[in-house]
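As recorded in TrEMBL:
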REGION    1-86  region 'Disordered'
COMPBIAS  57-86  compositional bias 'Acidic residues'
REGION    140-175  region 'Disordered'
COMPBIAS  147-157  compositional bias 'Pro residues'
DOMAIN    651-757  domain 'Fe2OG dioxygenase'
BINDING   TYR660, HIS669, HIS739  2-oxoglutarate binding site
Amino acid sequence: MDRLQHGPTTLVEKRPTGLTQTSLYDYMTTSSPLTSPIMSPQSSAPVSPGTQMADDSLTDDDFNMSDDHSDDESDDESVDVPDDMDLDDVIPALTTKKQLPLSNEVVFNSGLMTRSRAAKLAASADGTPPALQQFYHLQSPAHSQDPSPPFPPPSGPDDPINRSKPEAHGNPPVTANLRAALNNAVPYHQSHQGSIYSSNLMAQGVLLDAFTGTRDYLGNQVIITSVAGGRVRDEATGNMIRVASQGTNNQGYKALSNAFHARRPVVLIVGAGNPLLQVRVEHYYNVLDYFHITNIWSEGSINAAGELIQHYMVRFERVDLATRSWWETAGADLNPRHQPGEYHCRVQRCDNCHFDNDEIYDQGWTCLEPDCERFFQFPFEVDLDALQYSQAFLRRRFRFTNFPLPQPLVPELPSALSVRPGGMFGTEKHFKRGIVCPLCFYCSRRVLWHEWRCENPSGCEYVLHIPIREVPMNHIMAETAASILRRRQKFIHTDNDVLAFTTFGQGYDMATFYLPGETDARGEHDYVGSITIFRPTKTTLERPGGLNDLFMSMQDAVRERKINLRRNPARNKGHRIEELTSHFTSNIGADYKFGVVVATSSGFDEAPVPVMQALNRLTWAGETATKMTTRDVSRHGINADKASMPDEFREFNEQLILGYFEESKISYHDDGEKELGPTVATLSLGSPSVMCFRPKKNKRIGPQSTMHKKNRPPMVSFVLEHGDMVAMHGTDIHKHYEHKVDPEGIMRYALTCRYIRPEMMADETRRQLALTKGAVPEFWKNRPYLGEDNLDLLASPAASGHADGDLVMEGAANNIMVAPAANGLAADAVANDAVIEDAIAAGATADNAVVADIITTAQDNEMTNEVSIPMSVEDRFLGGITELNDIWRSNPGLVSQLSQQDRETVLALAATLSSTAGEGTNST
Ligand SMILES: O=C(O)CCC(=O)C(=O)O
Ligand SMILES: [Fe+2]
């Protein structure tokens with residue numbers, strides 16, 4: 001069989017297991033080397049041995065693709081291959097004794113211990129053998145208690161990994177000490193966990209970190225690595241071992257194979273902990289260069305049960321064969337650079353399966369087809385662990401032409417030009433990615449709201465400042481209208497057992513929900529807290545000094561750096577795998593810890609005006625919510641836990657400001673540190689968002705708390721629009737529930753006030769600071785916010801002419817959609833129309849005419865054609881478009897009600913909105 005006639009695609013398709021050696025020979029043509037797209041032609045099997053075996057020396061060492069263990073929930077859109085480790089990773093430490101002189105290229109091979117012996121050792125009854133333990137301890141962070149070495153990681157000559165290594169010939173084009181900084185700054189390795197980063201299953205970059213496979217190899221022009229994945233944890237030893245063949249479902253294999261077939265160069269990155277790296281590096285992660293994939297093949301090994309199994313190996317060849325590689329040792333150029341045509345690797349056809357493959361190993365040719373009976377059978381008995389690559393295989397070079405590099409290794413900086421009228425604002429997701437410092441090439445995250453600062457610990461002072469443009473109200477209105485359209489109408493979702501009331505007055509529509517506590521043995525529960533949403537009327541928003549103005553002055557205060565927002569470490573602080581929060585934070589008044597410690601920057605006496613205006617508004621909201629709760633509880637006989645929901649309101653002494661760029665969010669959390677007072681109130685300014693509450697795990701509340709967290713739906717969820725305030729009243733809300741907020745636009749501020757009880761603070765300094773910094777200055781105390789008019793909100797319903805305080809729903813339906821006729825938040829049809837009209841009016845005269853257009857179209861298509869959709873509001877709410885599709889699928893009855901056109905409108909709307917939001921491609 002002649003593989004050349006099939007072409008690579010056919011080959012893979014015809015052999016669904018795909019366990020075949022694939023090499024560039026698959027692409028060989030009979031044309032001349034210069035016209036061939038890849039390389040010189042070579043006859044098919046059998047091929048006479050090329051010139052080979054010169055003076056290359058061997059050492060025994062090896063490495064594998066793996067890395068550290070971040071639990072980042074980043075939105076990598078592509079495949080991560082989870083890192084793992086197997087016995088191979090352990091063997092080299094026991095066998096790396098022999099270090100032969102370097103010359104041409106260096107082969108690292110562990111040949112002294114067979115896999116079965118290692119397996120026996122590892123599985124020995126008394127646990128891990130001392131030598132292995134020592135290895136773990138010294139060299140294997142993944143096996144120590146703490147999965148990552150502290151930051152700063154290996155840097156400088158004193159570091160254990162680097163100390164003995166010689167200086168490098170050159171400098172890496174890009175370096176980083178933090179995994180997240182690397183992921184943020186370069187497009188070709190955005191994976192937080194795996195070693196292979198791919199996009200649409202096309203490999204972009206491969207990280208060669210500390211754990212190496214038996215026959216991994218790092219030369220100046222050629223790199224060979226085993227493909228991670230497919231290993232399982234050995235119960236007895238805790239080690240990752242291979243028990244079965246890898247198979248083509250391995251995502252890493254697929255991604256590499258696709259890059260190979262597309263002849264797409266990939267970027268290799270080396271971790272300083274990689275034992276094969278021969279030179280000293282200053283920082284942990286170091287970009288090597290672009291490489292072509294020249295071979296992917298199956299290597300055989302023996303598992304613990306003595307069976308022959310298969311895993312993938314991949315050979316990379318540096319694209320630039322002309323210059324020295326930076327990772328060669330400094331000094332004389334001792335490493336010859338091989339060129340295409342100098343060496344040929346023997347190819348032979350298997351008598352049994354009739355496939356050709358290269359003679360990869362020194363020990364002779366073997367069939368590399370895992371399905372073939374002759375797979376990995378050598379002409380004479382061979383210790384598989386002692387296999388070594390043939391020199392011809394290592395030295396052969398391929399000729400590639402016309403395969404341009406996908407992008408520069410050092411990405412371009414975000415440009416100030418993008419922040420232009422009608423264009424981006426500076427808070428789109430594009431601007432939250434990291435940068436590669438143009439001075440020192442160190443990867444730096446977007447830590448500060450205002451600008452990028454080089455994070456190089458060696459002290460680079462580079463700052464990239466791109467001014468953030470003011471986001472006008474009409475943009476926010478367009479976002480809000482789009483958000484409404486996306487879910488077709490405004491709504492609130494509450495679950496069984498949630499009590500809900502609506503009312504209005506003082507310039508707001510209000511809804512209050514009472515959250516149930518745990519159910520006791522008799523099946524009864526009380527209520528542990530209330531959540532009140534205050535939605536401002538149009539006038540409340542637009543009047544001079546109203547909420548629109550507050551949003552503008554908030555933007556000014558931030559721009560003028562009176563408020564300094566920054567992202568803080570959320571996980572693994574100080575380690576290589578440190579992750580930042582998605583949102584930016586600034587704390588004013590008493591200090592407040594929630595998950596991440598947010599250091600207090602200033603007291604209320606030095607806070608900028610919008611912060612104090614927000615404080616006064618939130619004080620009113622918190623106090624009103626407390627009073628309404630007290631009233632509802634007595635009027636409706638609600639079985640309330642008064643210890644959690646006291647009747648008295650405590651003045652706030654703290655404000656936490658959260659800033660959100662596009663796609664920033666705050667994941668499920670509670671606000672409940674022990675010092676927290678009973679009331680927490682938040683003002684939303686800017687882009688709309690979705691807030692959700694759900695019972696914590698294993699609380700006896702509803703069915704949700706026993707579900708896996710991925711499936712645990714919210715018990716209460718609602719949209720927060722610009723100007724909305726939310727007051728949570730009840731300390732036990734934070735014991736029983738957690739909440740999250742997902743903003744939907746490009747700029748949102750959440751200003752949250754709390755009372756932090758100084759008397760509960762153990763630390764005297766903190767207590768004093770809470771008292772001084774948290775004190776509200778007289779000036780602001782004398783100017784309280786009292787609502788929008790002088791009506792007494794709590795007066796009798798007749799006074800306002802509305803049936804206020806009506807019980808809307810009690811422990812019944814799955815959702816509330818208050819009829820438009822009713823008061824309250826969900827006076828939908830009318831309110832929506834007004835918002836949309838406004839947005840159209842504003843949008844048509846402003847930059848975002850596109851958005852206005854879509855809204856008009858969508859309105860024509862949808863709003864006039866509004867149908868009452870009996871679908872789960874919650875589902876529509878949560879997942880937006882995706883969920884909508886799911887619902888259509890699972891509920892065929894709906895299809896008759898929703899036209900294809902409606903569906904397309906929603907999808908087009910989402911797509912256009914995301915494209916008008918910016919061309920940024922990095923999700924960070
Ligand atoms: O962004 C928001 O509205 C929520 C903020 C929040 O949950 C918090 O600050 O704890
Ligand atoms: Fe919170």
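Just so you know, glycine gets a Cβ as well, placed from its N, Cα and C.
The model shown is predicted, which means the values in this text are computed figures rather than measured ones.
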Quiz prompt | Other residues, Cβ within 8 Å of TYR660, HIS669, HIS739 Cβ centroid (2-oxoglutarate site) | solution = HIS583, LEU658, LYS665, ILE666, SER667, TYR668, MET691, LYS740, VAL741, ALA750
Exercise. Tell me the residue counts in helix, strand and coil for the domain 'Fe2OG dioxygenase' (651-757), as DSSP assigns them.
Key: 7 helix, 57 strand, 43 coil
Quiz item: the domain 'Fe2OG dioxygenase' (651-757): mean pLDDT?
Solution: 92
Quiz item: Counting across all protein chains shown, how many other Cβ atoms sit within 10 Å of the Cβ of HIS739 (2-oxoglutarate binding site)?
Solution: 23
Quiz prompt | Lowest local Cβ density among TYR660, HIS669, which the record lists as binding-site residues, within 10 Å | solution = HIS669
